[in-house]
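What Swiss-Prot says about this one:
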- 1-39: transit peptide (TRANSIT)
- 59-239: domain 'tr-type G' (DOMAIN)
- 68-75, 132-136, 186-189: GTP binding site (BINDING)
Amino acid sequence: MRGCLQSVKWLTSAVRQSQSLTSSTRFPRRLFNTSTLHYAQGRKPVSELEQRIAAIPIERFRNFCIVAHVDHGKSTLSDRLLELTGTIEAGANKQVLDKLDVERERGITVKAQTCSMLYNHQGEDYLLHLVDTPGHVDFRAEVSRSYASCGGALLLVDASQGIQAQTVANFYLAFAEGLKLVPVINKVDLPSADPERALDQMKNTFELDPKSAVLVSAKTGLNVEQLLPTVIEQVPAPVGDHTKPLRMLLVDSWYSTYKGVILLVRIFDGEVRAGDQVVSFATGLKYFVGEVGIMYPGQTAQSVLRAGQVGYIYFNPAMKRSQEAKVGDTYTKVGSEKLVQPLPGFEEPKAMVFVAAYPVDASDFPHLEDSINQLTLNDRSVTLQKESSEALGAGFRLGFLGTLHCSVFEDRLRQEHGASIIITPPTVPFKVIWKDGKEEIVTNPALFPEEETLRAKVAELQEPFVLATLTFPEEYLGRVIELCESNRGEQKNLEFFTSTQVILKYELPLAQLVDDFFGKLKGSTKGYASLDYEESGWRRSNISKLQLLVNKVPVDAVSRVVHASQVQRLGRLWVSKFKEHVDRQMFEIVIQAAVGRNVVARESIKPFRKDVLQKLHASDITRRKKLLEKQKEGRKRLKAVGNVVIEHKAFQAFLAK
């Protein structure tokens with residue numbers, strides 16, 4: 001008993017000693033708060049990079065982009081500039097800013113990517129912000145958003161190809177934004193290079209002074225070191241005041257599994273730090289900032305983003321819903337809403353090409369939905385609507401800016417999410433003007449009015465037209481005019497901007513343009529033509545819905561609104577192609593292409609034949625006729641009640657190009 005009491009006394013004294021030690025020794029208390037990161041606000045710049053950036057005033061900021069036609073060397077030039085400023089190590093062509101698999105495979109830029117650079121010019125540090133923009137017409141929304149965060153642009157032209165259609169289009173976009181343009185002639189090291197011709201084209205087409213142009217080779221690095229001093233001297237510094245309330249523009253967004261939605265922002269006024277609470281003008285939702293930083297070239301955390309800078313932020317707790325990140329939205333700090341005027345934002349791009357997407361396996365629909373939602377977060381110009389088909393099940397109707405945009409989205413869906421999908425051929429919207437004066441835009445061919453409704457209730461049908469600008473060598477002029485005329489085009493203008501190069505303008509139906517017009521144009525000109533287009537309004541048109549019928553039952557997944565001149569050709573093509581992919585049945589299958597009740601093409605698949613005469617004697621004619629009649633009646637009954645089973649792979653093969 002005595003031993004037990006001694007043990008208790010020893011334990012009691014030990015506890016008292018530990019309590020006195022705890023009270024006398026003050027350990028720092030670590031506060032965990034999921035909403036705010038208070039410690040980040042008071043953090044001083046520690047890295048050499050942060051110290052250098054903190055010492056640079058807004059007068060020594062430069063935000064610029066590179067404007068060019070597809071494949072004129074934008075991404076390669078970006079690499080050389082990043083190497084020159086020490087942002088990345090010198091080496092082979094890395095295409096640092098082309099981060100998507102599809103960009104590296106196709107050699108094109110799809111997403112506008114950004115990077116900050118530090119450059120010492122005449123003993124002073126400058127903070128340069130470079131945007132690598134897409135060149136293709138389909139990604140014009142990306143281009144126009146990029147221009148909003150820039151003060152100037154390098155207008156890049158290939159010395160061997162000269163000015164192309166998208167050079168012209170992107171020049172006018174940049175000019176409309178008021179950007180200061182620096183002419184640059186690239187690929188001067190090629191044997192086929194003709195810099196003098198390219199300079200003359202710039203002078204005649206854009207009225208730019210050839211003396212201000214810089215002749216470079218992005219591949220070899222020739223004269224690239226002259227570009228950044230030219231940018232510093234000619235491109236104006238961004239305007240902003242870091243002492244004013246925060247005014248922050250959302251330029252782009254992408255999704256991270258761990259951080260939620262990450263925003264690319266341009267700071268116009270004020271500054272933002274981790275721990276600040278900001279509010280969206282578009283949604284009214286409030287968020288605590290988890291981290292701010294710059295792209296250098298990857299995400300590099302910073303203490304603060306100041307007026308004039310472009311960088312990224314993400315929130316803590318994270319922004320989980322991609323729909324909350326509205327591109328063109330303005331953010332400010334909570335409490336400053338009445339002091340800040342929201343920025344005008346961006347014009348929403350209109351989808352002009354529509355496809356339907358279905359999973360090959362119906363059970364994959366939730367996975368497909370999740371995959372599409374993640375991709376649309378990074379690409380705001382895609383419109384999304386659920387739809388259902390009797391033949392293919394549940395799916396989505398997707399709207400795109402153009403055919404390349406559609407093709408790239410499909411590639412990204414397959415590569416980045418492994419989704420096995422069926423994509424229908426691209427279609428365009430049509431306008432229905434009813435007799436009561438109402439107007440309706442129809443994007444789904446299945447919802448296009450039937451022939452009886454058209455005659456009774458519809459006053460007029462219209463289809464969209466575009467003004468296409470085509471540039472190509474003069475020797476192919478006859479072939480290109482013939483191609484445009486066969487696609488219902490109307491010539492608007494023809495000019496020679498050099499002795500060998502032609503600019504041809506045609507008004508074309510958008511439906512013809514999405515039907516592989518660019519591929520046919522490349523074929524007619526041996527790949528030397530370039531194409532750009534802009535909307536040209538709606539026109540009255542003789543259009544109708546072409547349907548595919550199997551045993552007189554319409555297949556809803558295969559219907560298309562076409563011009564009267566295309567009905568016969570497309571109808572015959574459909575029935576012959578669909579016949580190849582449908583398996584024989586025990587009864588005859590009739591495949592028809594029809595406009596309303598008018599059948600324009602027909603094919604039939606003969607049934608399997610059982611030899612009912614096998615056991616008969618050759619001379620038993622009466623019995624022979626009786627068995628054949630019986631077999632014929634049986635087939636009629638089977639055809640009347642039997643359903644044609646068409647597998648998904650048949651649709652997949654039929655809808656593939």
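A Cβ is built for glycine as well, from the same backbone N, Cα and C atoms used for every other residue.
Small disclaimer: the values here were computed from a predicted structure and weren't measured.
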Around the Cβ of Val188 (GTP binding site), the count of other Cβ atoms that are within 10 Å: 19
Residue, out of the binding-site residues Ala68, Asp71, whose Cβ gathers the largest set of other Cβ atoms within 10 Å: Ala68
Other CB atoms, at most 10 A from the CB of Lys74 (GTP binding site): 25
Helix, strand or coil at Lys74 (GTP binding site) [DSSP, three-state]: helix
Predicted model, mean pLDDT over the domain 'tr-type G' (59-239): 80
